[in-house]
Structures are given as structure tokens and as C-alpha cells.
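Q: According to TrEMBL:
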- His265, His269, Glu295: Zn(2+) binding site (BINDING)
- Glu266: active site, proton donor/acceptor (ACT_SITE)
Amino acid sequence: MSQNYHKLCQRFNRLFQLSHAMTFLGWDQAVMMPAGGNQPRANALAELASLRHELLTASDVGEWLDQAARESLSANEQASLREMHRRWRRSSCLPAELIHAKTLAGAKCEHAWRQQRLDNDWNGFLGNFREVVKLSREEAQLRQAASGGECDTPYDALLDLYCRGDSNQFIGQCFDRLKAELPALVQRIIEHQRSRETIQITGTFDVSQQQVLNNKLAAMLGFDFNTGRLDVSTHPFSTGVRGDQRICTRYRDDEFAQSLLATAHETGHASYESGLPEQWNGLPIGESHNMCIHESQSLLFEKQIFLSKAFNQHFTALMHEKLPQTQIWSSEALWRCYTVVEPGYIRVEADEVTYPMHVILRYEIESALINCEMEAEDIPDAWNDKMQSYLGVDTRGNYKDGCMQDIHWTDGSFGYFPSYTIGALNSVQFFHTIKQQNPDWQDRFARGDIQFVRDWLQQHIWQHGCFMEVQDMIQAATGQKTNPEFFLQHIRNRYLNEQY
């Protein structure tokens with residue numbers, strides 16, 4: 001190992017330990033901390049974030065990177081150096097003044113948005129939001145300039161933060177294919193589902209028994225409670241490090257499906273993190289890949305495993321035991337309830353079929369916004385036009401259920417939305433390959449056996465960390481790069497043919 005590369009490993013291991021501490025301070029803040037502790041915790045996290053930034057952007061890191069690049073390194077070390085350089089570049093290309101200004105503008109905009117959304121107050125929101133857009137454009141332009149030609153547009157530079165390896169052009173091509181097919185397919189599915197009987201879940205469902213059921217589900221999906229926890233939070237999420245995973249779901253006593261779906265989803269995230277390569281623990285090469293891969297893992301557990309007819313049949317028997325009032329519904333009736341397709345206003349409530357259209361319209365708007373092809377005040381009209389065209393939903397004057405519904409834009413998190421749908425495409429493509437290699441998959445799911453899925457993911461996705469570029473990894477695993485045709489065929493098979 002070269003001396004400069006060794007120094008880099010030491011520095012990035014130290015950064016990893018700081019991130020470890022921040023991760024669990026953040027988990028505690030969301031799950032356990034009393035409300036009065038918010039400000040001291042925020043101060044502590046801010047101090048740790050400043051220290052982490054200083055250590056990463058210090059001049060010696062840049063010098064070590066330059067010197068290590070000229071030294072003889074193994075293939076693993078070269079890939080590791082590549083990831084170190086990317087993280088250093090992302091952090092060092094922005095002046096501290098811009099980071100500070102954007103943080104303040106985002107905090108101000110997000111705080112005001114919480115009430116402005118309830119009040120349907122677009123004009124009030126717009127004042128703060130313009131400043132967030134202005135600073136996000138500055139950030140995007142600086143990141144593009146520092147990308148060494150990797151980013152064709154300013155928006156590409158923000159996409160790189162969440163969808164690294166999937167360019168704006170590539171994502172646009174995938175989304176164009178979905179746009180060409182999904183609107184008509186949605187109407188066909190709605191017409192098909194009118195001809196079948198669909199139950200309405202009603203009743204009161206004991207939350208303590210729901211908690212037992214969700215723990216059982218996580219364990220069935222492979223979650224290790226010796227190295228993880230399942231808790232309750234306002235919003236479901238997953239966090240942690242290899243060897244210590246924390247997932248959270250939420251419960252309502254008037255239904256049970258949303259907590260189960262969330263638990264399956266977050267178990268997918270946690271499983272990915274738990275399966276990352278131990279030999280690279282603490283180094284960027286050993287971390288999870290872009291959010292398109294992370295979302296693919298959570299969606300595979302939620303949509304491909306839990307929502308499959310075969311697994312649902314197995315799990316419903318356990319549900320009947322823990323929630324006796326559900327015994328009036330068969331597994332088939334519950335599956336049909338879970339898979340109802342209906343266009344609506346709200347992205348987070350959307351079904352598997354209409355969800356991509358919610359993402360695509362956000363992607364089209366935010367890319368135009370960051371590339372200075374649209375101004376903030378143009379968003380409501382553009383939003384309504386696209387909602388009408390893609391989903392047949394009118395949002396005129398309804399800002400709270402339209403362009404003000406998401407938190408992402410309030411703090412300038414532009415570029416994140418595409419990862420949800422590219423993740424969905426990847427999840428289906430991965431699972432298609434798993435099914436081809438395991439033709440008895442439905443029989444195994446019906447017995448509650450999903451270990452073969454975890455084994456495949458460990459071999460083809462998890463153990464690689466960031467060693468390969470993302471599309472190279474997908475092609476090695478499935479035989480081709482991300483291809484929306486797998487998703488479209490899956491939608492036809494599940495929602496028109498009701499195969500699984």
C-alpha cells in the first residue's frame with residue numbers, strides 16, 4: 001500500500017467514525033429524544049458536520065489524492081481512490097459562504113412551508129423559495145464546473161449527488177419510454193379492476209399486535225434483530241451502519257397495510273447496508289451505491305416480495321393469527337386491495353403504476369428550473385398541465401396537494417426525485433433475473449422462503465459496494481443496463497394479467 005493512499009484511508013476512516021456518531025445522534029433525535037432537546041442536539045450535529053467538512057476538504061487531502069493517483073495501486077485501490085476523489089470534489093468545490101447561505105435559506109423556507117402548505121399559500125411560499133432556487137442554481141453551476149466534463153448541464157451536477165452514473169440524458173430516455181406507455185396503461189388497468197370485487201379495509205386493529213406482526217415480517221425478510229432495531233417514528237425511515245441497523249415504521253389503529261409496506265421497504269434499505277463488504281468498511285468504496293440502487297433494494301422487498309401473491313398468501317396466515325378480525329378476508333382479497341390503481345394528487349400515497357408519473361413531472365420541472373429554462377413562479381401552471389396530461393388530475397388553485405406537497409424542494413434537494421423511479425426500474429429488472437434463475441420462486445415464497453433472493457442480492461449487488469460504476473454493476477447482474485421495458489412488462493403481468 002502506498003504511503004499517500006494509506007494516509008487517505010486513515011483520514012476517510014476517521015470521517016466514517018464521525019458519520020457513525022452523527023447517524024445515531026440523528027436516529028435518537030427522530031425516535032427517542034425529548035422535544036426540549038432539539039436545540040442542543042442541533043448544535044452538536046452542526047459542530048460534528050463542520051469538523052467532518054474541515055477534515056474532508058483540508059489541503060492535505062487534495063495533495064494525497066494527486067500523489068496517490070501517480071502511484072502503483074491495485075484495482076481495488078484504484079477504485080477506492082476514485083470514490084475518495086469524488087467525495088472530496090463534491091465537498092471542496094463549494095465555498096463555505098454558499099453552503100451557509102443555502103443552509104439558512106433552506107431552513108427558513110422549510111419552516112415557513114409547513115404552515116404555508118396547510119394554508120394553500122403559494123404566494124407566501126414563493127418569496128422564500130426563489131432564494132432557494134437562486135442558491136441551488138449557483139451550487140449546480142459550481143458543481144458542473146468542478147466535474148471535469150462529467151456533467152453536461154447544471155442539473156446533471158445535482159443529479160450526480162443522488163443518481164451518480166445515471167445522467168440527465170439517460171434518465172430522460174427512460175422516462176420518455178414510461179410516458180409513452182403508462183398513461184394509457186393506467187386507464188386499461190382501471191377498466192380491468194372495475195370488473196373485480198375489491199374489499200375496503202375497515203375496523204380497529206390493535207397497535208401492539210401490529211407491532212408484533214411487523215417484527216415478524218422484518219424477521220421473515222431477513223432482518224437481524226441482534227444487529228438492528230425496529231422502532232416507531234412519525235415518518236418511516238432506515239438508518240445505521242454495517243452491524244447496527246435501525247428501521248422505523250408508523251402505526252394507525254384504523255388500518256394495518258401501510259405499516260407493513262413501510263416495514264418491508266425499510267428492511268430492504270437495511271439489508272443492503274448490512275450486506276456491504278466488510279473488507280472495505282469505513283472507506284467510500286465500501287459504502288452503498290447511488291440512491292437509485294438503494295431505492296431498488298427497498299422497492300424490491302416491498303413491491304416484489306411482500307406484494308407478491310405467493311408471499312402474501314404465506315403472510316396472511318400469520319396476520320389472521322395476530323389480527324383475528326382480518327380472518328374475514330382471504331389473501332387474494334387482501335392482495336387485490338393492496339394493488340388497487342387510482343390516479344390521485346399525492347405522490348407518497350400513489351400506487352406502483354401511477355407513482356412514476358408523479359416523479360417524472362417533478363423531474364421535468366426541477367431540471368428546467370435548475371437549467372434556467374423555467375422560473376419558480378411558472379411551476380403551478382406547469383404542474384397542472386403535466387398532472388392533467390399524465391394522470392387526468394386537475395390541480396388548479398390546489399397548491400397544497402399540488403406543487404407544495406413535497407419537502408424536497410424547500411431546502412434545495414433538487415435531483416433526488418428521479419432516484420425513486422429509476423430505483424423502481426432497477427428493482428424489477430433485478431427481480432426478473434432472480435425469477436429466471438429460480439423458476440420455483442413462487443413455491444418458495446409461498447413457504448416464506450426468501451433467502452435465495454437475499455443470496456442473489458448479496459452476490460450481485462451488496463458485496464460490491466461502490467467498486468463498479470453503477471450501470472456496469474447492473475449489466476453484470478442482469479445482462480443489460482437499466483431498461484424500462486422490464487418495468488412495463490411487470491405492470492402488465494401484475495395488474496392486467498394478475499399473474500403475481
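Every residue, even glycine, has its Cβ placed from backbone N, Cα and C.
The structure displayed is predicted, hence computed values, not measured ones.
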Q: Are there residues of the same chain, six or more positions away from His265 (Zn(2+) binding site), whose CB falls under 8 angstroms from its CB, and which are they?
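A: His265 (Zn(2+) binding site) has long-range Cβ partners Pro236, Ser298, Leu299, Phe301, Glu302.
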Q: Could you state the CA-to-CA distance between Glu266 (active site, proton donor/acceptor) and Glu295 (Zn(2+) binding site) to the nearest Å?
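A: Roughly 10 Å, rounded to the nearest whole number.
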Q: Under 8 Å Cβ to Cβ from Glu295 (Zn(2+) binding site), same chain, six or more residues apart: give me those in sequence order, or none if nothing qualifies.
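A: For Glu295 (Zn(2+) binding site), the qualifying residues are Ser419, Tyr420, Ile422, Gly423, Ala424, Asn426, Ser427.
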Q: Inside 8 A of the center formed by the CB atoms of His265, His269, Glu295, which other residues of the chain have their CB, for the recorded Zn(2+) site?
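A: Not counting the recorded site residues, we get Ser238, Glu266, Gly268, His294, Gln297, Ser298, Leu299, Phe301, Glu302, Gly423.
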Q: In the three-state scheme derived from DSSP, which category covers His265 (Zn(2+) binding site)?
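A: Note: His265 (Zn(2+) binding site) is helical by DSSP.
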Q: Cβ-Cβ under 8 Å from His269 (Zn(2+) binding site), same chain, 6 or more residues apart: which ones?
A: Ser238, Ile247, His294, Gln297, Ser298
